[in-house]
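Worksheet: the structure to be examined is printed underneath.
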Amino acid sequence: MPRVPAHLHERALGMLQGGMRTADVGRAINCNVRTVRSLRQRYRETGRTADRPRSGRPRVTTPAQDRYIRTSHLRDRYRMATTTARVTPGMHNPFISAQTVHNRLREAGLRACRPVVRQVLTRHHWQQRRLWAQTHRCWTRQDWRKLLFTDELWFCLFGGGDRIHIYRQRNERYNLEVEGPSWSGADGVSASLD
């Protein structure tokens, strides 16, 4: 039920002081009888018709826990919100949610790290990549342009001592900046484009 507006508080109080019954006052201002009774009780106790201040929903964490969440993420910027939520007890529940950690970090102007989702590379995968690179090391530049690496993160632009690493963004296909004479895979396999 919606709250009774402040101007109707005064009107209801005037009706009650004029001698009307609480049921009639409730019908006149379109509210429940209990609302009119609590309004009369509040006026007797405080001398005012305004609503008492409401605290809202109590916070799940204490200020000390909020500081702990903030400092733990400042110390370890790669810490996930789920990890912090698992080790932080709540006031009403045994644990707090990851969304609560996100909310506290947003209040502090920080962001939690999100877990990366990718294929786990085993030793067998590395051996297969090394074999693949060895069999394709005679490819020409045109052959390498047709190739798309889906999970490689580091590319070496220019061969030699000066290596410039570029991070490939997720869902990024072909980029002219990544084109170069050699590449270095995430598993340490290198192949020459010459």
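The backbone N, Cα and C atoms fix where each Cβ goes, glycine too.
TrEMBL annotations: computationally assigned, not manually curated.
Here is what TrEMBL records for this protein:
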type: COMPBIAS; residues: 42-54; note: compositional bias 'Basic and acidic residues'
type: DOMAIN; residues: 14-59; note: domain 'Insertion element IS150 protein InsJ-like helix-turn-helix'
type: DOMAIN; residues: 67-137; note: domain 'Transposase Tc1-like'
type: REGION; residues: 41-63; note: region 'Disordered'
Handout entry: DSSP residue counts for the region 'Disordered' (41-63), split into helix, strand and coil
Key = 7 helix, 0 strand, 16 coil
Handout entry: Local confidence of the domain 'Insertion element IS150 protein InsJ-like helix-turn-helix' (14-59) - pLDDT mean
Key = 86
